[in-house]
Amino acid sequence: MALLNILQYPDPRLHKVAKPVAVVDDRIRKLVADMAETMYDAPGIGLAATQVDVHERVITIDVSESRDELRVFINPEIVWASEARKVWDEGCLSVPDIYDKVERPDRVRVRALNEKGESFELETDGLLAVCIQHEMDHLMGKVFVEYLSPLKQNRIKIKLKKHQLERAR
(Lines of atoms letter the chains of each structure in order from A and count residues from 1; the text may use other names and numbers.)
(Lines give C-alpha, C1' and ligand atoms only; values in the text may rest on other atoms or scores of the structure.)
Protein backbone atom coordinates (compact mmCIF):
# COMPACT_ATOMS: atom_id res chain seq x y z
CA MET A 1 0.00 0.00 0.00
CA ALA A 2 1.05 3.56 -0.62
CA LEU A 3 0.00 7.03 0.43
CA LEU A 4 -1.37 8.98 -2.52
CA ASN A 5 -1.15 12.72 -3.13
CA ILE A 6 -4.49 14.45 -2.52
CA LEU A 7 -5.27 17.21 -5.04
CA GLN A 8 -6.04 20.59 -3.49
CA TYR A 9 -8.86 22.89 -4.60
CA PRO A 10 -8.90 24.77 -6.98
CA ASP A 11 -6.78 22.24 -8.96
CA PRO A 12 -8.59 21.83 -12.32
CA ARG A 13 -8.13 18.04 -12.20
CA LEU A 14 -10.77 18.00 -9.44
CA HIS A 15 -13.29 18.98 -12.13
CA LYS A 16 -12.68 15.96 -14.37
CA VAL A 17 -15.62 13.57 -14.62
CA ALA A 18 -14.64 10.03 -13.62
CA LYS A 19 -15.20 7.14 -16.01
CA PRO A 20 -16.84 3.86 -14.94
CA VAL A 21 -14.55 1.02 -13.88
CA ALA A 22 -14.66 -1.61 -16.64
CA VAL A 23 -13.51 -4.53 -14.50
CA VAL A 24 -12.73 -4.87 -10.79
CA ASP A 25 -9.27 -6.42 -10.91
CA ASP A 26 -6.04 -6.33 -8.90
CA ARG A 27 -5.26 -2.81 -10.17
CA ILE A 28 -8.56 -1.52 -8.79
CA ARG A 29 -8.12 -3.44 -5.52
CA LYS A 30 -4.65 -1.86 -5.12
CA LEU A 31 -6.19 1.56 -5.81
CA VAL A 32 -8.83 0.87 -3.13
CA ALA A 33 -6.15 -0.19 -0.60
CA ASP A 34 -4.03 2.89 -1.37
CA MET A 35 -7.06 5.19 -1.16
CA ALA A 36 -8.08 3.69 2.20
CA GLU A 37 -4.57 4.12 3.60
CA THR A 38 -4.48 7.72 2.31
CA MET A 39 -7.95 8.48 3.74
CA TYR A 40 -7.09 7.08 7.19
CA ASP A 41 -3.71 8.85 7.22
CA ALA A 42 -5.14 12.27 6.26
CA PRO A 43 -7.34 11.69 8.44
CA GLY A 44 -10.67 11.76 6.62
CA ILE A 45 -13.94 9.86 6.45
CA GLY A 46 -14.19 9.63 2.67
CA LEU A 47 -12.07 9.81 -0.46
CA ALA A 48 -12.92 9.72 -4.16
CA ALA A 49 -10.44 8.49 -6.76
CA THR A 50 -10.74 11.89 -8.47
CA GLN A 51 -9.09 13.47 -5.41
CA VAL A 52 -5.96 11.36 -5.98
CA ASP A 53 -5.90 12.12 -9.73
CA VAL A 54 -7.39 8.78 -10.79
CA HIS A 55 -10.48 9.50 -12.84
CA GLU A 56 -12.42 6.29 -12.30
CA ARG A 57 -15.62 5.82 -10.29
CA VAL A 58 -14.20 4.56 -6.98
CA ILE A 59 -14.84 5.87 -3.46
CA THR A 60 -13.79 4.74 0.01
CA ILE A 61 -15.68 5.73 3.16
CA ASP A 62 -15.42 5.01 6.87
CA VAL A 63 -17.64 7.08 9.16
CA SER A 64 -17.23 4.77 12.17
CA GLU A 65 -15.78 6.07 15.44
CA SER A 66 -13.47 3.04 15.57
CA ARG A 67 -12.17 3.65 12.01
CA ASP A 68 -12.51 -0.04 11.13
CA GLU A 69 -15.62 -0.16 8.94
CA LEU A 70 -14.25 0.59 5.47
CA ARG A 71 -16.91 0.80 2.78
CA VAL A 72 -15.96 0.64 -0.89
CA PHE A 73 -18.21 1.86 -3.69
CA ILE A 74 -17.17 1.15 -7.29
CA ASN A 75 -19.33 2.65 -10.05
CA PRO A 76 -21.79 4.00 -7.46
CA GLU A 77 -25.13 5.41 -8.52
CA ILE A 78 -27.85 6.91 -6.40
CA VAL A 79 -31.04 5.07 -7.33
CA TRP A 80 -33.27 6.96 -4.89
CA ALA A 81 -33.04 10.06 -2.72
CA SER A 82 -35.55 11.31 -0.17
CA GLU A 83 -37.43 14.53 -0.71
CA ALA A 84 -36.59 15.44 2.89
CA ARG A 85 -33.38 17.44 3.03
CA LYS A 86 -30.96 18.28 5.80
CA VAL A 87 -28.16 20.82 6.22
CA TRP A 88 -24.77 19.48 7.33
CA ASP A 89 -21.42 21.11 7.97
CA GLU A 90 -19.11 19.60 5.37
CA GLY A 91 -15.36 19.57 4.98
CA CYS A 92 -13.08 17.99 2.41
CA LEU A 93 -9.54 16.63 2.23
CA SER A 94 -9.12 18.61 -1.02
CA VAL A 95 -10.24 21.82 0.72
CA PRO A 96 -8.26 21.69 3.98
CA ASP A 97 -9.49 23.51 7.08
CA ILE A 98 -12.65 24.78 5.37
CA TYR A 99 -16.10 23.78 6.62
CA ASP A 100 -19.48 25.09 5.55
CA LYS A 101 -23.14 24.18 5.44
CA VAL A 102 -24.49 22.16 2.49
CA GLU A 103 -28.08 20.99 2.05
CA ARG A 104 -28.58 17.47 0.68
CA PRO A 105 -31.22 14.73 0.64
CA ASP A 106 -31.38 13.21 4.13
CA ARG A 107 -31.66 9.60 2.93
CA VAL A 108 -30.32 7.84 -0.19
CA ARG A 109 -30.21 4.40 -1.75
CA VAL A 110 -27.01 3.67 -3.64
CA ARG A 111 -26.13 0.78 -5.95
CA ALA A 112 -22.46 -0.08 -6.49
CA LEU A 113 -19.87 -2.83 -6.72
CA ASN A 114 -17.62 -3.80 -3.82
CA GLU A 115 -13.88 -4.53 -4.11
CA LYS A 116 -14.72 -8.12 -5.15
CA GLY A 117 -16.82 -6.86 -8.06
CA GLU A 118 -20.07 -7.91 -6.37
CA SER A 119 -23.13 -5.71 -6.81
CA PHE A 120 -24.92 -4.38 -3.71
CA GLU A 121 -27.50 -1.79 -2.70
CA LEU A 122 -27.45 0.24 0.48
CA GLU A 123 -30.11 2.58 1.86
CA THR A 124 -28.79 4.93 4.51
CA ASP A 125 -29.18 8.30 6.16
CA GLY A 126 -27.21 10.66 8.36
CA LEU A 127 -23.48 11.11 8.01
CA LEU A 128 -23.01 8.09 5.73
CA ALA A 129 -25.64 9.41 3.29
CA VAL A 130 -23.97 12.84 3.28
CA CYS A 131 -20.53 11.30 2.75
CA ILE A 132 -21.73 9.13 -0.15
CA GLN A 133 -23.27 12.16 -1.88
CA HIS A 134 -20.18 14.30 -1.21
CA GLU A 135 -17.79 11.69 -2.63
CA MET A 136 -20.05 11.02 -5.61
CA ASP A 137 -19.97 14.75 -6.37
CA HIS A 138 -16.19 14.40 -6.73
CA LEU A 139 -16.71 11.68 -9.33
CA MET A 140 -18.86 14.17 -11.27
CA GLY A 141 -16.14 16.84 -11.04
CA LYS A 142 -17.84 18.87 -8.32
CA VAL A 143 -16.33 20.06 -5.03
CA PHE A 144 -18.60 20.89 -2.06
CA VAL A 145 -17.63 24.57 -2.05
CA GLU A 146 -19.40 24.91 -5.40
CA TYR A 147 -22.71 24.68 -3.48
CA LEU A 148 -21.73 27.92 -1.72
CA SER A 149 -22.20 31.50 -2.90
CA PRO A 150 -19.68 32.94 -5.39
CA LEU A 151 -18.44 35.30 -2.65
CA LYS A 152 -17.72 32.39 -0.27
CA GLN A 153 -16.07 30.41 -3.09
CA ASN A 154 -13.76 33.33 -3.87
CA ARG A 155 -12.84 33.80 -0.19
CA ILE A 156 -12.01 30.09 0.08
CA LYS A 157 -9.80 30.21 -3.03
CA ILE A 158 -7.91 33.22 -1.63
CA LYS A 159 -7.49 31.55 1.77
CA LEU A 160 -6.24 28.29 0.24
CA LYS A 161 -3.79 30.05 -2.10
CA LYS A 162 -2.45 31.98 0.90
CA HIS A 163 -1.98 28.69 2.83
CA GLN A 164 -0.22 27.12 -0.18
CA LEU A 165 2.17 30.08 -0.41
CA GLU A 166 2.92 29.88 3.32
CA ARG A 167 3.66 26.14 3.06
CA ALA A 168 5.95 26.74 0.08
CA ARG A 169 8.20 29.01 2.16
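From the backbone N, Cα and C atoms, a Cβ is placed for every residue, glycine too.
Features reported for this protein in Swiss-Prot:
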ACT_SITE  GLU135  active site
BINDING   CYS92, HIS134, HIS138  Fe cation binding site
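All features noted in Swiss-Prot, drawn onto the structure.
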{"residue": "CYS92", "record": "Fe cation binding site", "Cβ neighbours (10 Å)": "25"}
{"residue": "HIS134", "record": "Fe cation binding site", "Cβ neighbours (10 Å)": "24"}
{"residue": "GLU135", "record": "active site", "Cβ neighbours (10 Å)": "23"}
{"residue": "HIS138", "record": "Fe cation binding site", "Cβ neighbours (10 Å)": "26"}
For the Fe cation site built from CYS92, HIS134, HIS138, further residues of that chain with CB within 8 A of the site's CB center: GLY46, ALA48, GLN51, GLU90, LEU93, SER94, GLU135, ASP137, VAL143, PHE144
Per DSSP, three-state class assigned to CYS92 (Fe cation binding site): strand
Collapsed DSSP category at HIS138 (Fe cation binding site): helix
